[in-house]
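Q: This is the structure, below, for whatever I ask next.
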Amino acid sequence: MDYKLQVGVQSHLEMGSLEDRSMQDLHDECLHSPETDARKNQTTYSNEPLPFSDGRLPAGCNNMIGHGVYRSIKTVVFSNKLNLLMPFGPLAILVHKLTAHNGWVFSLSLLGITPLAERLGYATEQLAFYTGPTIGGLLNATFGNATELIISIYALKSGMTRVVQLSLLGSILSNMLLVLGCAFFCGGLVYHRKEQVFNKATAIVNSGLLLMAVMGLLFPAVLHYTHTERQYGKSELSLSRFSSCVMLVAYAAYLVFQLKGQNDLYAPINEENLDDDDDDDDDDDEAPEISKWESGIWLVILTAWISILSDYLVDTIQGASEAWDVSIAFISVILLPIIGNAAEHASAIMFAMKDKLDISLGVAIGSSTQISMFGIPFCVVIGWIMGQEMDLNFQLFETATLFITVIVVAFFLQEGTSNYFKGLMLILAYLIVAASFFAHEDPTSANEKKQP
């Protein structure tokens, strides 16, 4: 009993001393309790007007928006050295207003479109990060060759169906021979002690689609040159429009097949051999740099600017041909695609030098497949809507060139390996094609010159 009394007295004394020592601290804590803070906030918000009640944003929000716009412009416009060519676009418009020199306007428009095409692809890739693989694939199919399609639509609007045919054909030839050849050549020089490998299944499927596109272009030409049309002048156009619809359906089925049905089959060939550190590096490299809304806004801005320059480009093709004494066929098949595919050319080489040939093939052969199975049929359908009689008869010389090119590239891809020698052969083949079109006079253009 005495022990319990002693313990109780001691504990009471300790509690008393505790109260004496920490009374001020407890009082301070009570003053800063959550309930007290909530009451203070309510009182403060009830006495002060809301920050948005007068229609003005706080200074902090304005600073954040300004910083976001600055960061977006810095990332998209000032992060690439190729963008140094952007001022040539306004300069082309200025030269067109002040002078009548179509050759200069055409050259400046080409140089001005080059960085815009690359940035359009960049914005599409950034937006694909937020949409998933299916929608991302559709975006790449739509905007991957947007520059060529925009130029083609403006040419169709002006009734220049032959320029549309030749420019799309030239883009296919440039991607298959020059872009792929430079990728194989540069990658082979970097890894000269081994053969680089890529997914053979993807290459075979793309080769099959390219052969199907050749078939779609071959039959209208054969029908025309053998004079076996049931209705002269109509059967060829009807066959072209029907074949274009079939090719669009085939390309849509290919997208579904590639994106949903065969994920394991189309995985990169060296994916299983990557180290964990490499995977982390790849993840860091593939992180989006701009937001979803910024990507969409930049897509609209770049597409509009490309459309403006494409109008000047198409209007000055004929004048540039006369000023330079070069055929329209050479300008459309060689010059336009080289400039339009400059960004794809650089990216394919870069990935090949990093031993990522699957991506290089996706850029070169995948882009050729998009144009042949989507771009050309799409332009035929658009011309149908516009009332322009564009068909799939690319003339005998052009169709034969495309057929031989597809066969040559298919033979080079059938082994699933690459080296610098294969790349050199493709580059030399492109030089032969370029020299052939330089010496070739398009019969349609020749007939137009003979007319008074």
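Note: Cβ is positioned from N, Cα and C throughout, glycine not excepted.
Keep in mind that TrEMBL annotations are predicted by a computer and have not been checked by a curator.
Okay, so TrEMBL annotates it like this:
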type: DOMAIN; residues: 104-259; note: domain 'Sodium/calcium exchanger membrane region'
type: TRANSMEM; residues: 166-191; note: transmembrane segment
type: TRANSMEM; residues: 203-226; note: transmembrane segment
type: TRANSMEM; residues: 238-257; note: transmembrane segment
type: TRANSMEM; residues: 296-314; note: transmembrane segment
type: DOMAIN; residues: 297-436; note: domain 'Sodium/calcium exchanger membrane region'
type: TRANSMEM; residues: 326-353; note: transmembrane segment
type: TRANSMEM; residues: 359-384; note: transmembrane segment
type: TRANSMEM; residues: 396-414; note: transmembrane segment
type: TRANSMEM; residues: 420-440; note: transmembrane segment
Q: Which stretch from 203-226, 238-257, 296-314, 396-414 shares the most C-beta pairs under 8 Å with the transmembrane segment (420-440)?
A: 396-414
Q: Counting CB pairs under 8 Å, which listed stretch among 166-191, 203-226, 326-353, 396-414 touches the transmembrane segment (238-257) the most?
A: 203-226
Q: For the domain 'Sodium/calcium exchanger membrane region' (297-436), jot down how many residues DSSP puts in helix, in strand and in coil.
A: 117 helix, 2 strand, 21 coil
Q: Sort out the residues at least 6 away from either end of the transmembrane segment (326-353), same chain, that have Cβ-Cβ distances under 8 Å to it, and list them.
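A: Beyond its ends, the transmembrane segment (326-353) has Cβ neighbours at 82, 110-111, 113-114, 117-118, 121, 147-148, 151, 162-163, 166-167, 169-171, 173-175, 178-180, 182-184, 186-187, 190, 196, 317-318, 320, 359-360, 363-364, 367, 398, 434, 437-438, 440-442, 445.
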